[in-house]
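Undergrad: When I checked TrEMBL for this same protein, it listed these features:
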BINDING   30, 35, 86, 124, 161, 271, 331  NAD(+) binding site
BINDING   158, 159, 160, 161, 210, 257, 258, 259, 260, 261, 265, 324  substrate binding site
ACT_SITE  268  active site, nucleophile
DOMAIN    317-426  domain 'UDP-glucose/GDP-mannose dehydrogenase C-terminal'
Ligand SMILES: NC(=O)c1ccc[n+]([C@@H]2O[C@H](COP(=O)([O-])OP(=O)(O)OC[C@H]3O[C@@H](n4cnc5c(N)ncnc54)[C@H](O)[C@@H]3O)[C@@H](O)[C@H]2O)c1
């Protein structure tokens, strides 16, 4: 395929050389004449393992060329990759000037063209940028509509500086958010040979994915370092601890606990996190990230309370009270905290939890709930159907399929469902729907 690449920095220079190596005819475009001159002379503008040799070979074979003539580059290509910088501004927001400038140039170049052209943004941009900023510029400048004269996609780049050619050839996955199947299939032809899954999605998801991945990587580093500082203070070998942490592929290095949902609770996580933070305090060791975990967890409960109060509905039914499905353990259940907060705000709350029967609660569990919700007996309802029928707003806090099925089958259009667990079969739900954070 004939490909134009805008921005010949780390991402663009590596992509240009690798795409040329893979058999494509690549035309690189950059505003920096020094970079163009370097590549023209067979030298890469960046220092990376293997890039000098590959660039020299691709330029000498004529498979990689450069130009500052945008119209010629777009005219000669079926696809443009945009890899220009998106640096931070002083307030942390993104500077999109380079992206917008390139979009104007590509759009203007598309004006006189008959050939369908695919524009793929590879620069990291905040969700919404491609459809709300890039698309209107391309449409205005080209006089064409998205899907008619051109296609648009966002493909997050996962290469790491230092190992970028190896990362280009062995990415964790290839994800492309595209405006249409047509666009997706054009991009797929460039990457389907890679030894990883090729996944298509929508553009906003692909834009957010890049931030989610980078935030997760940063979070992992800081987590290991906080465990490291505390272990060191306690005289424990943090590297051995983390080596063992990573051996658990069921709960630690796995999709477990990585689905957006309600706050965590129960008799272990809050208690042990508090104990860990107390140990840190005793050792004069600051763990701001783990400290922030407690606050962030409370925010998830605040988020639910705010939504419910904003609805202005007084009759609220809550399905679930224990901290997760299949248990009657109420200790530190975030649903108990939610119930407590709603009652405090004057909400008329009814609760149904198939595992919670007051007469059968014993010991610490019973003392906890009688302390938190003194009138618990009056709040509990054994009849889930009646609770659904009588509530203006229904909170689904347990993931048991029969319970959500009851809500889906019976909730009316006048009611609102707040889903804390990720209910299935929503296409059949008639009530207004809101996910806790989706
Ligand atoms: N560096 C990485 O490892 C990496 C990894 C993944 C994603 N990203 C993202 O990719 C994007 C590019 O990163 P980078 O490190 O390659 O940036 P860079 O600063 O190294 O390169 C950007 C290039 O774009 C050029 N440019 C600016 N305006 C232009 C225009 N109007 N037309 C043509 N070229 C123009 C610049 O001259 C420069 O050569 C950023 O959004 C970055 O966040 C970078």
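Just so it is clear, glycine is given a Cβ too, placed from its N, Cα and C backbone atoms.
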Undergrad: Measuring Cα to Cα, how far is residue 260 (substrate binding site) from residue 331 (NAD(+) binding site) in Å?
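TA: A Cα-Cα distance of 22 Å.
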Undergrad: Using DSSP with the three-state reduction, classify residue 160 (substrate binding site) as helix, strand or coil.
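TA: Note: residue 160 (substrate binding site) is coil by DSSP, not helix or strand.
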Undergrad: If one looks at the chain holding residue 331 (NAD(+) binding site), which residues at least 6 apart in sequence have a CB under 8 angstroms from its CB?
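TA: In sequence order, the residues whose Cβ lies under 8 Å from that of residue 331 (NAD(+) binding site) (at least 6 apart) are 266, 267, 323, 364, 365, 368.
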Undergrad: What subset of the binding-site residues 30, 86, 124, 271 lies within 10 angstroms of residue 265 (substrate binding site) at the C-alpha level?
TA: 271
Undergrad: Judged by the number of other CB atoms within 10 angstroms, which among 258, 268 is the least packed of the recorded positions?
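TA: Each of the recorded positions 258, 268 was scored; lowest Cβ tally within 10 Å is 258.
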Undergrad: Where does residue 265 (substrate binding site) sit in the DSSP three-state scheme?
TA: coil
Undergrad: Do you see any of the recorded positions 160, 210, 258, 268 whose C-alpha is within 10 Å of residue 124 (NAD(+) binding site), and which ones?
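TA: Of everything listed, what lies within 10 Å of residue 124 (NAD(+) binding site) (Cα to Cα) is 210.
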Undergrad: List the binding-site residues 260, 265, 331 whose Cβ sits under 6 Å from any atom of ligand 1, in sequence order.
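TA: The ones that qualify number zero, so the answer is none.
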Undergrad: Fewest other CB within 10 angstroms, which one of the binding-site residues 30, 161?
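TA: Each of the binding-site residues 30, 161 was scored; lowest Cβ tally within 10 Å is 161.
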Undergrad: What does DSSP assign residue 210 (substrate binding site), in three states?
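TA: The three-state answer is helix.
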Undergrad: If one looks at the chain holding residue 210 (substrate binding site), which residues at least 6 apart in sequence have a CB under 8 angstroms from its CB?
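TA: Set apart from residue 210 (substrate binding site) by at least 6 residues yet with Cβ under 8 Å, we have 124, 156, 157.
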Undergrad: So among 158, 160, 258, all listed as binding-site residues, which is physically nearest to residue 271 (NAD(+) binding site)? Use the C-alpha atoms.
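TA: When the Cα distances are compared, 258 comes out closest.
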